[in-house]
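First up is the structure itself, then whatever we jot down about it.
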Amino acid sequence: MQIFPAIDLKNGQCVRLFQGDFSKKTVVNEDPIAQAKAFATDGATYLHIVDLDGALEGRPINLEIIQRMKKAAKIPVQVGGGIRSMAQVDYYLESGIDRVIIGSAALTDPDFLRAAVQKYGAKIVAGIDAKNGFVATRGWLDVSQVSYLDLAKRMEKVGVETIIYTDISRDGTLTGPNLEQMANLKEHVKVSLIASGGVSSRADLEALAQLGLYGAIAGKALYNHDISMSDIVEVEQIAY
């Protein structure tokens, strides 16, 4: 299973949120470039970067910093946050970013998602963020009436190969991932699934790996030292 250390960017710093609440923000490193390099040095093979400023503004804000992070880390990066037009997708991918995550627009503008997948294939990842099973958009500020499973099925139909699923109620809480929802997704869609939200321990990563998922994202637990990079490297190499 591929495990992605997460770096969330706000005002040029690495931060963690609690349940996606921008008022409950903790700065975990003032230097995101050093953080990216440290993760890579300790064995990370792929980084998950979210431009929180971009998610709020609806346009990429931190591309220059992200480019410098990738250059320092020398490993692939996937980036999300405010990517809502083909021009923005082009902007990221032409600048050397490996994959882009389309979140809100996957629900609000399915034609854009379809066009992006047709143009870039596996470089497009769909992000589904849900609260109590219903999809949230616009930096998690708005909650729709669309269920996470219905949206995942729509994503599969338009050709999306990889979906990141975030349970907002668990994000940044260290209460464990939503194994039930991940298992439900695994049963009903045949895309590569990445779990996000709530990972608190090596045991959580092992439980996700046992579901047969493609990947998992580790954030707060890494910064709190509840999970080490050596844990991540070891779990990635276990065959379930």
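A Cβ is built for glycine as well, from the same backbone N, Cα and C atoms used for every other residue.
Taken verbatim from Swiss-Prot:
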- Asp8: active site, proton acceptor (ACT_SITE)
- Asp129: active site, proton donor (ACT_SITE)
C-alpha spacing of the residue listed as 'active site, proton donor' relative to the residue listed as 'active site, proton acceptor', in angstrom: 15
Position of peak Cβ density within 10 Å, selected from the active-site residues Asp8, Asp129: Asp129
